[in-house]
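> According to Swiss-Prot, the protein has these features:
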- THR13, THR14, SER15, THR267, GLY310, GLN314, ALA411: ATP binding site (BINDING)
- THR13, ARG83, GLU84, TYR135, ASP245: sn-glycerol 3-phosphate binding site (BINDING)
- THR13, ARG17, THR267, GLY310, ALA411, ASN415: ADP binding site (BINDING)
- ARG83, GLU84, TYR135, ASP245, GLN246: glycerol binding site (BINDING)
Amino acid sequence: MKKKYILAIDQGTTSSRAILFDHKGRIIGMAQREFTQIFPQPGWVEHNPRDIMTSVYTTITELLNNTQIDVRAIAGIGITNQRETTVIWDRQTGQPIYNAIVWQSRQTKDICDQLTTAGYQDMVHAKTGLLIDAYFSGTKVKWILDHVENAHTQAARGELAFGTIDTWIIWNLTGGQVHVTDYSNASRTLLYDIHALRWDPDLLTMLDIPAAILPDVRSSSEIYGLTQTPYFHGEQIPIAGIAGDQQAALFGQACFEPGMAKNTYGTGCFMLMHTGKKAVESQNGLLTTIAWGLNGEIEYALEGSIFIAGSVVQWLRDGLRMFGKASDSQAYADRVSDNGGVYVVPAFVGLGAPYWRSDVRGAVFGLTRSTTKEHFVRAALESMAYQTRDVLSAMQADADIELKELRTDGAAITNDFMAQFQSDILAVPVLRSQIAETTALGAAYLAGLATGFWSSREEMTQHWAINRCFKPQMDKEQREHLYAGWKQAVEATLGFRVA
């Protein structure tokens, strides 16, 4: 039967999606299912790994039922996932020994503090391109092994398996036959040397993690195994693409050349700049990461992670009850000509790149008696654009590359006010992708390359299309005046301490 489709499984922090793409990269069908978030203690975030798989299976079933396609027409499956989230399971039974510890969770902060105090920061940064932070997988693995009875003994005997969510999904889809990850996900674990391309023995020793639990690291586009599950009506479909969600979005945005960058505006903001075959070491608070491994070559990226972006709109809606729907925020922002001197620094869980200060908290500056709800909403939206400029400035300094345009996706950038202000404050065109699901599209592209569904990146570039281009309209003096106010607000926030 002719292969007409690629299936992408997009496993995110709050939901899983199954999306079917055709040869032109168009969405044929989509299904989504949320799952339960677990908060055992303040600052801890966990998932039940079985709930994750149930959500994946449910979306696959719903998608196939809704589209009524012949499963045999699916050329391959691409998987993209919430990065860093950690699962450890029993190889024999396939049962997790503890909940998945989510990337957002801060429950390993004490371990990170101990490692930093012990002087490991420079070694970790040199090998991994990352910082010692509870964000990454390595300390989560250590925490589980330390807190589950007999886990260290079982791990040393090779009875346990570790994986990020891509690994967990593939293990289950292949009936426990395949234990793999790709370069992009491995590079986020704090255990992988992104230069030597290996699980690093010094890092494993530092965290007391046996190598026996680790998955094989493979390229981001190859056939890893075949499905062994009834959800595809007995058909064995190649699983052929893997990438962490932000790297997948970079690929889906067709950012294939050094200097090209994308920004995803979700709960947080994740900006990646392609740096080619060179791993650029950041001197300005960014992360160096593997973008993907393809055709025997590794390509790298610089990444800036912003913890609070679109969720500032949720805060305005749910916490402060300033409007009923998130989409209303644009109308409020448009009712005033400027921010009235108000700056919102949304450091609700600290500040990410390029500051990396988990101890600071959110603040508002510039309030006067004439400040209105509209000024407040506008200032909150503007905070996303200012934080993006913080990251871009660091990227351009590190990579010595001047950005020509910024490709964007995510719910928050569908706000036209936000998109225009972002272009104004960066002084570069902001291109909003026609397809919002660029993360899933990137995973589909990787699987399609491995199965021959697509022939080349050039073919994919032809499919990429703009929903709208926003060009800078603000003069330099005003732009720099506004940004100077933001920098002043951030400095004041960094200096404030809760008694």
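Cβ coordinates come from backbone N, Cα and C, glycine included.
It should be emphasised that the depicted structure is a prediction, and the values quoted were computed from it without experimental measurement.
I'd like to know what surrounds each of these features in this structure.
The C-beta environment of ALA411 (ATP binding site), restricted to residues of the same chain at least 6 apart in sequence and closer than 8 Å, consists of TYR265, GLY266, GLY310, ALA326, ALA436. DSSP assigns ALA411 (ATP binding site) to a helix.
For the recorded site, ASP245 (sn-glycerol 3-phosphate binding site), the DSSP three-state label reads helix.
If you draw a 10 Å sphere around the CB of THR13 (ATP binding site), it holds 20 other CB atoms from the protein chains shown.
Taking Cβ-Cβ distances under 8 Å and a sequence separation of 6 or more, the neighbours of TYR135 (sn-glycerol 3-phosphate binding site) in its chain are GLU84, TRP103, SER305.
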> Comparing the binding-site residues THR14, GLN246, which residue's C-beta has the most other C-beta atoms within 10 angstroms in this structure?
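Output for this query is GLN246.
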> Applying the rule Cβ within 8 Å of the centroid of the Cβ atoms of THR13, ARG83, GLU84, TYR135, ASP245, what extra residues of the same chain belong around the sn-glycerol 3-phosphate site?
ASN81, GLN82, THR85, VAL102, TRP103, GLN104, ARG188, GLY244, GLN246
> With an 8 Å cut-off on Cβ-Cβ distance and a minimum sequence separation of at least 6, pull the same-chain contacts of THR267 (ATP binding site), or say none.
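Set apart from THR267 (ATP binding site) by at least 6 residues yet with Cβ under 8 Å, we have THR13, ILE308, ALA309, GLY310, SER311.
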> For ASN415 (ADP binding site), identify the closest of the binding-site residues THR14, SER15, GLN314, judging by Cα separation.
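Closest recorded candidate to ASN415 (ADP binding site) by Cα: GLN314.
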> Using the Cβ centroid of ARG83, GLU84, TYR135, ASP245, GLN246 as the reference point for the glycerol site, which residues of the same chain not in that list have Cβ within 8 Å?
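Everything else in range on the chain: GLN82, THR85, TRP103, ARG188, GLY244, PHE270, SER305.
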> Give me the count of other Cβ atoms within 10 A of the Cβ belonging to ASP245 (sn-glycerol 3-phosphate binding site).
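So the number of other Cβ atoms within 10 Å of ASP245 (sn-glycerol 3-phosphate binding site) is 27.
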